Amino acid sequence: MGLTGGIASGKSAVSARLAEHGALIIDADLLARQALEPGTEGLDQVVQTFGPEVLTASGALDREALGKIVFADEDARNQLNAIVHPRVREARDALREQAPEGAVLVEDIPLLVETGQADRFDVVVVVSAPEEQRLQRLVKHRNSSPEDAQSRIDAQATEAQRKAVADVVLENSGSLEELYVQVDELYEKLRRRVIAAQ
């Protein structure tokens, strides 16, 4: 299953709930962070491309500094993606190969639509929330300025683009409990599908 949704849509909550049920989660954001850890070839390439100002004093990636560059400039974002995405794919493929037979395998991919990966999955699930609500979540919970939050939202696919590739849309405009009810039903359907395929 491919899981996606815009920034601050509630995708992480869905992913965590699926993991509680026993789904095996492959988190593209986590793999991307690992690809840019200190000492990696990925981080070296980022510094060569964007300059030493994207590093903290300790030599780690300054995500905020890099974010300000790439969310405001599509060419810069494409350069970063060209460094990160191949490394994420390699790590993802290794994790998929290690998955036990019969597992419900969920790939949590924020940029699933933008990277044209929808066709790779048996099921594509989109977590959806109104843009205004997502903006408020970014400002309130992630300490983004309204302008920074809007540029991050604008840098991603639209809700319509995500819904166009969705097999299932989880609406997250209400409470967490309401979202969990949808996730629990989804997991049961996925589980039955895996069992039927064995």
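Each position is counted from 1, following the chain as shown.
Glycine too: its Cβ is placed from the backbone N, Cα and C atoms.
Feature annotations, reproduced from TrEMBL:
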BINDING   Ala8, Ser9, Gly10, Lys11, Ser12, Ala13  ATP binding site
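Secondary structure at Ala13 (ATP binding site), taken from DSSP and collapsed to helix, strand or coil, is helix. Candidate binding-site residues: Ala8, Ala13. Fewest other C-beta atoms within 10 angstroms, Ala13. Within 10 Å of the C-beta of Lys11 (ATP binding site) we count 24 further C-beta atoms, all protein chains included.
Annotation for the binding-site residues Ser9, Ser12: lowest Cβ count within 10 Å of the residue's own Cβ, Ser12. Counting only same-chain residues six or more apart in sequence, the Cβ atoms lying under 8 angstroms from the Cβ of Gly10 (ATP binding site) belong to Val127, Ala129, Leu170, Asn172, Leu179. Under DSSP, Ala8 (ATP binding site) is assigned to coil, being neither helix nor strand in the three-state scheme. Those residues of the chain, other than Ala8, Ser9, Gly10, Lys11, Ser12, Ala13, with a C-beta within 8 angstroms of the mean position of the ATP site C-beta atoms are Gly5, Val14, Val127, Ala129, Asn172.
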